[in-house]
Structures are given as structure tokens and as C-alpha cells.
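Peer 1: What Swiss-Prot lists as ATP binding site is Thr65, Pro66, Ala67, Gly68, Glu69, Gly70, Lys71, Ser72.
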Amino acid sequence: MKSDIEIAQSVPLKPITEIVKKVGIDGDDLELYGNYKAKLSFEKIKSVKGNKPGKLILVTAINPTPAGEGKSTMSIGLADALTKIGKKTMLALREPSLGPVMGIKGGAAGGGYAQVLPMEDINLHFTGDMHAITTAHNALSALIDNHLQQGNELGIDPRRIIWKRVLDLNDRSLRQVIVGLGSPVNGVPREDGFDITVASEVMAILCLATDLKDLKARLANIVIAYRYDKSPVYVRDLKVEGALALILKDAIKPNLVQTIYGTPAFVHGGPFANIAHGCNSVLATSTALRLADYTVTEAGFGADLGAEKFLNIKTPNLPKAPDAVVIVATLRALKMHGGVAKADLTFENTAAVRSGFANLKRHVENIRKFNIPVVVAINEFVTDTKAEIQVLKELCAEIAVPVELASVWAKGADGGIALANAVVSAIAEESAAYKRLYADKDSLEEKLRAIVTEIYGGRAVQFGPKAKNQLKQFAQFGWDQLPVCMAKTQYSFSDDPSLLGAPDQFDITIRELVPKTGAGFIVALTGDVMTMPGLPKTPAAMKMDVTEDGTAVGLF
């Protein structure tokens, strides 16, 4: 079998102007970035706003193994399979962060014969959105430090600035830094730090904004610091939201590319799901819904993180809720949740599949709490045995959830036809009646308790000393009406990554709350979740290269 990049480079690309005709987009509606990438114009986005939205399919997963469960690959393969069975389909995915591409992942545009193309461009600089977001974010940092230097008219306490700088790389050495050193002309010395760009509130705002006006309003509402009297300071107090929106005026436009099979795909925005809300842009998803009969989108990591945030944070900003949710599972992950060591996952173990099924079962039950039909997709691997597959199918039948094998990595669209038909049938047979997990009027404590007990299966939520004080403070500022965004390990329902399966006798401890008032949610930090990742001992970058003719090598 060829590598992902070898497969991607072997596929003859069609001009993007030809690809998008399938969903009623003309060449004049595009802002081209070469022949195979484009941004969609605001004029086209506005012109389809009155269209009735099509069906929305959300792809999520069980709690993943370190290698991931193939959610993006499955999303692409499902979209291609829907196209193959005659459905007018679009795909709406997140764009990769360069940090993990250079770090552990090596690439994030699908895999095998289920990829979005041009894969190398998407994984690297693409259309420059990440750079624009990084620039806007750091421009705000520079403007804050300049305000301190120029007299600090707003009375900002330099010790209480909560706006860090960002970089789209994994660089642990920048987590905590001191700025303003050297001499009085170099600024006011203070502690600072760097997050990865995909953890930036600017990224979250770009992905939740519905247009430029909304983008500017959300940027204005960012909390950047506290004064000496502990009152919050907003971007609007600095009067720079217009400048930030100007930097982002092109980045907010959704990017269009194609799959190997020729399905039109929006790839736009990329917040992480363990430290942010983990969904692609509202603009991309909403526009796809109004252009296609079926839109396939995904939410990061497992359903306890990405799907929960999609349904509680993103869905209220969309024209409709998902009509079906596909939960991707692998037998290797189920066996790991059933207690099998990583080194032994290739050996048949039906008992471990039965034990690990508790993890999948809880995810199915959780999605059903939102009143949305569920389909399970088994992402097939060559090490899967007939006995293991049969056990999993029997277990799914016991909880009355449709389940289909999918081999889109190896077979592309052909490997996802059974899954596509199952999803279409689920939508036709059972109408979604979306119900949110909590109400806006619920307190932050009530919202967090609902997520911990209803979604994670935990016993209770505990608050550290800092978080306890913040609960009172945020209520005084009126921020308790916002939804919550949990920053938690993706490997477990709990905040302990080693607690696999479906644990229940555990508490989740919230150590700190972070206001993201521009994005419109409050981040709750648990465990040791880092907002600036580090590189592994052997980074994927060590295998990457470029030939003399400019061909990328080693992007998996």
C-alpha cells in the first residue's frame, strides 16, 4: 500500500472551478489561490442564505487511542460514498495546525483513499488563515503592551493580563516567558507566555462568527486583562476591534478544495477539541448546508469533547442541528478500553471487545440525550478478526444502534457505501428533535455539573480555590449566562488519561476558568491539559523533506 502522500500525489486534480459546479458555485463566486484552492466570496454566501438547509451529518468517535480513530478519514470517505450513491454532498472539515503536523501527526487531511487535496498545501500554509489568525492575535498583544508603555490610561494591572501570545507550532519552551526586558524603551517588563494558534480565542471567534459584522462584535468583546480594581478590560476599550477584523477579512471566507473522489469540501478553521471547541467554521458548515442536500462535518476527538461542544456551543449558531451522528470506533481502541496493552492489540480478544464496548455504549447513550439518531461506523483494520467484528455487531444490536463496517482508507468511496446507505436510512426513519443539554440561564456550576454527570458519567464536579473565586466573579460580570467549554484529556471520560473504558466513580476537578467572552463561552481547565503542546522525542518533521523540483516528501 502506498503512503498517504504517495496516493495524494498520484491523483490528477481537477480545477476547483470545475469541482464546485456540482453544488451551484460559479467561477465568479471564487477567489482563487492557484488552480485547486479557493475562497468563497461573501456575495455567494449571502445569496444562498435563503436556501432551505439540507441534511447535516456529524462524525465523532469513541475516546481515541494515541493514534486516533480515523474520524477525518471516515468523514471524507462517507462524503465520497454519499456522492457515489447519487447524493448532492459537501464536506466541512477543520484545517490542520502546523504544530501537530510537524510534531506527532505528520498530516491531517484524511488518509489512504479518503483524503482532501491538495494534501501538502492543506497541511502546510494552505491559504494563510493560520497566519492571519496568529497575526491578529499577536497584534492585540503588541497593542496591549504599547498601551502600558504609553501611560496605561485604562489602568490595566500588568500582573493580570490574561491575553498570551500565540504561535502555530509546538514549542514548550515558550509556555512561560518574560517580555519588556532590556531597558525602559523596551516596554513594561511582565510575565507572558505563548499558546498554540488553534487555542487562540481569535480562532474560536473566526469559527463562530456568521459574518464580518459579527466577527468585529465578537473581537470587541474579548476580555484581555483586569484593572487594579479587578474590573475586566475588553478589546473595545482599546478601540482596536476594527484593525483586528481588517487583518481577518479574508481569513473568515471559507476555503474550498476537493476530495480524491471529487466531492467539494470546505476546509476552514481549526480549533482543538481538548482545549477549545473543536469544530470547523459556522460559515463553512452553514453555507454547505444551503448548497448541498447532505453535509458531512466532524468534531474533534471523542464525542465527550468535540460532539458535546458541537451540540452545545456550535449548533445554536447553525441554521439547524445534526440530522444524524456517526460514531467512529475501531476494534483496537475497544480492546484498549477493555484492558489490552498497546503491544497486544493485534491479537484476537473478543472478551476485551465486550469489556471495551462500555465506552462506545456510553457515547451512543450520550448522543441520544440530544434526541439525534446514531449510527456506529467500524473503521476496519487488517488486524480485525471476523469473531471480533461479529461480537461488536451483536453488542450494537443489543442497544438497537445501526452499525456498519467501513474500509474507506483502503477502498475510498466504495468502502463507505454500506455506511452511507445506513446513515441515509437512519435520517429517513428517525427524525432528530434536538435538545440542548443545558439552558443559557443555568449557572456555570450547573452547566459543568450537567456535562460531568450526564456526558462523562462522573460522580460530581469539584472546584479548586481559584475556580471557586472565579465562579463568583464571573457571575458578577454576567458571564455565567455563557456555555462552557471543557479543556480535558481526550483519552478518557474522566480527567485522568489512564482511566479507560466507561468509569463512573470519579470526580472532575476544575482548576481554573478562562473567559472567552468574544467567542461566547467559558473554558474550564481540568487536569494537566496544555495550551501549548511540546514536540515528541522523534518529531514527524524529521521524516519530511522537499525534492529539487519542489515535491513534498514525508507528510505521511
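Each Cβ is built from the backbone N, Cα and C atoms, and glycine gets one as well.
Describe the structural surroundings of these features, if you would.
Peer 2: Lys71 (ATP binding site) is surrounded by 25 other CB atoms, counting those within 10 A of its CB over all protein chains shown. In the three-state DSSP scheme, Lys71 (ATP binding site) falls into the helix class.
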Peer 1: Per DSSP, Thr65 (ATP binding site) is which: helix, strand or coil?
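Peer 2: Note: Thr65 (ATP binding site) is coil by DSSP, not helix or strand.
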Peer 1: Give the residue from the binding-site residues Pro66, Gly68, Gly70 that has the most other Cβ atoms within 10 Å of its Cβ, counting over every protein chain displayed.
Peer 2: Gly70
Peer 1: Within 10 angstroms of the C-beta of Glu69 (ATP binding site), what count of other C-beta atoms is obtained when all protein chains are considered?
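Peer 2: Result for Glu69 (ATP binding site): 23 other Cβ atoms within 10 Å.
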Peer 1: Let me know the most crowded of the binding-site residues, choosing from Thr65, Ser72 and counting other Cβ atoms within 10 Å.
Peer 2: Ser72
